[in-house]
Amino acid sequence: MTIWRSLRAVPSWVYPLACGILILLLPTLGMGFAMTRQVQLACILALVVSGLSLSLGYAGELALGQAAMYAAGAYTAGLMSIAGYTDILLQLVVSGLVALAVGLVTGIPGLRLGSWSLAMTSFFLVLLVPDIIAVFGETTGGRNGLSGLEPATLFGQLLDSDQFYMVVVLVAIAWFTVMRNLVVSRHGIAFRTLKQSPVLASSVGVSVFRMKLLGYAIGAFPAGLAGALFANIDLYISPEAFGFTFATAVLAACILGGAASVYGAAVGAAIMQLGPNQSADFQEYALVFYGGFLIVGGVLLSGGLAKLAKAGLARLDRAAGLTGAREAEPDAPRQAVDPMAGQPLVVDGISKAFGGNQALSNVQLRAEPGEVTALIGPNGSGKTTTLNMICGFYKPDSGRILIGDSEVQGLSPDRVARVGVARTFQTPNVPEHVTVLEAVASGRYSTDRASMFSTVLRLPRFRKVRAADIAEAERALAMVGMSHLANETATALPLGMRRLLEVARSVVAKPGVLLLDEVASGLDEDEVERLADLIRDLRDAGATVVLVEHNFRLVLSLANRIVVLAQGTVIADGSPAEIEQNPRVLSEYLGVSVEETGARTIADEEAAISEEVKS
Ligand SMILES: Nc1ncnc2c1ncn2[C@@H]1O[C@H](COP(=O)(O)OP(=O)(O)OP(=O)(O)O)[C@@H](O)[C@H]1O
């Protein structure tokens, strides 16, 4: 176990890099031509599969178009070679960019239409590839294939087979480094968040359309690189290599290795290429095999080999005492809340109808910095619709919403988030496979931008933003008393902790307006008390807090101002003392009249009801 601990102390990127270097040296270790050719084909397949991982495993978009982008890359390189541009670096760059362009052009309509459209358009794109190649037969060689390619060169020097092998492996190492850097970054977390919940992603400032398109289009780039390398292996390409069977093989390798895993793509591709693909009989029945595997593997091997490997690692870590199921410490001390620059929120006469259902009519509400404004009302009265309207998930039919001086009605949710609105959800929404610290840091996506370019190259800008993300997330966790849970898996936390995590994620970007949607529901009394203290601290630090809550006693203890909704209209707006005595509120909210109850307040009524429930 000491050995295991020492091995785990080594940074995790060292192992795949060491594997890559070993593969690079295989010819010098005596590996023969036939085998090195298979290794090259495995690297090429791994590049294509890795592109699919990005869009399917990380951005959550099923798209089979990688085969078409692979073809685009191969034919670009092939035509360049015939035209005398044999430099492999030039071919790689141009083929990658052409594939990226194909990804962008084919991804935009598919993603605009939403739902399964990208899966369908990319599926048809793959089916069309042989026909497109045939239509441009004079240039592409049509169904007979493209021959007459010149051997690849590098800086004017002809590459022999060993040197070309090194190029293939180095390109694969370079791409997997890029992929790893992208995934281990705020963009990688944004992809995971998007896959889990587009609503959550947009509420932290991620543009869902842009991010999905980026996932699909960036995934096209390695397919283009793979195509350029493939064209130079046999110096001949034919349309059959890019058909539906290949697309299914890519999908099968992706599922086998684990779609949401950087190196799973390489493992899945290696197994496919060095295993079944070697048999001529298999080639004949490949589609049946892949189809069968996708059905069985999709069910039995969800998460792929990567998931099994992670489970094995976790078990060994536990055995070595490196991690342990840590008990939640609800009484861990909280740090003070940093000053917050809250903005006034004005909801000015918004109305919204869903078909014939008038969910909101002329709703007015105002929330000030340094105050808790509670929004209450019976089920279906329009509280969540009002929050969704403020966040940009619904567009009001009429009326205005102002955050400070900025009008936000009609803006998309990610833009509203960037103006400074943060929220928690009725059911805590936490992405899978991320740590508590990463989940909290994801709330800063719309602040301190670090481009994907600076991220994959680990430029100073990326390092600066990452340091700020970690520092702010640590402060937010200390503020909610969860510092000790920073490295735990976020989804493994109990409900109360996940609610606190959401509060931390909401405040980490110092929002102008903080919307808390039924944040106390499902919590026990101690947890509610702890949460109430936190909300008070946030209020005192200057935050503008809007609290949607059914727990009326909590509302009374926290709110500076209460707005009561019933059937989509504001029926009362005032201080807790005023609202508590308001006869209309009493009758609408609890369905009792003042005559029946004497001069009792809502809190009394709630207490009486909960007594009845207990007995
Ligand atoms: N997307 C939608 N499509 C159609 N109707 C909707 C939609 N969202 C909300 N509604 C309707 O709008 C009205 C207000 O619902 P809303 O969820 O805002 O109420 P609420 O006060 O938040 O209720 P609860 O306390 O149960 O969460 C309801 O009649 C609901 O059916």
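Note that Cβ sites are derived from N, Cα and C of the backbone, with glycine treated the same way.
TrEMBL tags one of the stretches 39-60, 501-522 as transmembrane segment, and that stretch is 39-60. TrEMBL tags one of the stretches 92-111, 552-571 as transmembrane segment, and that stretch is 92-111. Residues 61, 63, 65, 68-70, 72-74, 76-77, 80, 117-122, 125, 171, 209, 212-213, 216-225, 227-229 of the same chain, all 6+ positions outside the transmembrane segment (92-111), place their C-beta atoms under 8 angstroms from a C-beta of that stretch. Long-range Cβ contacts of the transmembrane segment (164-183) within its own chain (Cβ-Cβ under 8 Å, at least 6 residues beyond either end) map to 13, 16-17, 20-21, 23-24, 27, 36, 39-40, 43-44, 46-47, 50, 53-54, 58, 88, 92, 152, 154, 191, 218, 222, 225, 229, 232-233, 262-263, 266, 452, 455-458. Listed stretches 12-33, 39-60, 67-86, 213-233 were compared with the transmembrane segment (245-272); the greatest number of C-beta pairs under 8 angstroms is found for 39-60. Sequence-distant residue pairs (6 or more apart) of the transmembrane segment (213-233) and the transmembrane segment (12-33) include fewer than 3 whose Cβ atoms are under 8 Å, leaving the two stretches without contact.
With a cut-off of 8 Å on Cβ pairs spaced 6 or more residues apart, the transmembrane segment (118-137) and the transmembrane segment (67-86) reach 3 or more such pairs and are scored as touching. Tertiary neighbourhood of the transmembrane segment (67-86): same-chain residues 48, 51, 92, 94-96, 98-99, 102-103, 106, 122, 125-126, 128-129, 133, 139-140, 146, 148-153, 220, 223-228, 230-232, 235, 237, 239, 241-244, 246-247, 250, selected by CB-CB distance under 8 Å and a gap of 6+ residues from either end. Beyond the transmembrane segment (284-306), the same-chain residues lying 6 or more positions past its ends with a Cβ under 8 Å from any Cβ of the stretch are 244-245, 248-249, 251-252, 254-261, 263-264, 267-268, 276-277.
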